[in-house]
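> Below are the structure tokens for one structure; questions will follow.
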Amino acid sequence: MLLYIILGLLILVGDQLLKGWIVANVSYGALHTVIPNILGLTYVQNDGAAWSMLAGQQWFFYIVTIIAVGVIGYLFYTSERSEKLYRIGLTLMLAGALGNFIDRLHLKYVVDMFQLEFINFPIFNVADTALTCGVICVFIAILLKEKVTHD
């Protein structure tokens, strides 16, 4: 259990520290190339979801996040200790959801900063990455579990 708590806290604290650094050191809207033609930093304030969908609908995001945190907590609590990949995925999802929730509560928007320069993709942050990786881990864990039960 301690591993999951440490992992979640590292992601959550890292997300918040990086967001604070971005706000203090990167000009709003300006692209700063990190890896040419691959990755840049662009500070944006996102009051919606990816591609600014549902912009300004903060109460929607509050409600969805509270429900998601409850469901993730329940799934973690009821999972088997041996389901490590599944639990890691849930931990990543929880840390990501809480990282963006903190922004929404404190700032009324989410600080995003990573911009992929080689594709038209929404600017995102550490919390978004944790959420995405968590969903992938949970999906793989479920597929692997189904494969074992069918064999």
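Placement of Cβ uses the backbone N, Cα and C atoms for every residue, glycine included.
When I checked Swiss-Prot for this same protein, it listed these features:
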- Asp112: active site (ACT_SITE)
- Asp128: active site (ACT_SITE)
- 3-23: transmembrane segment (TRANSMEM)
- 59-79: transmembrane segment (TRANSMEM)
- 85-107: transmembrane segment (TRANSMEM)
- 123-143: transmembrane segment (TRANSMEM)
> Counting only residues 6+ away from its ends, which parts of the chain sit with a Cβ under 8 Å from the transmembrane segment (85-107)?
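Those are 4, 7-9, 11-12, 15-16, 19, 45, 58, 61-62, 65, 68-69, 72-73, 75-76, 79, 125-142, 144-145, in sequence order.
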> State the Cα to Cα distance, in Å, between Asp112 (active site) and Asp128 (active site), rounded to an integer.
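For Asp112 (active site) versus Asp128 (active site), the Cα atoms are 9 Å apart.
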> I'd like the number of other C-beta atoms within 10 A of the C-beta of Asp112 (active site), please.
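Other Cβ atoms found within 10 Å: 23.
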> So if I measure Cβ to Cβ from Asp128 (active site) and keep only same-chain residues at least 6 apart in sequence, which ones fall under 8 Å?
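Ala50, Gly96, Asn100, Asp112 - these are the non-local Cβ neighbours of Asp128 (active site), listed in sequence order.
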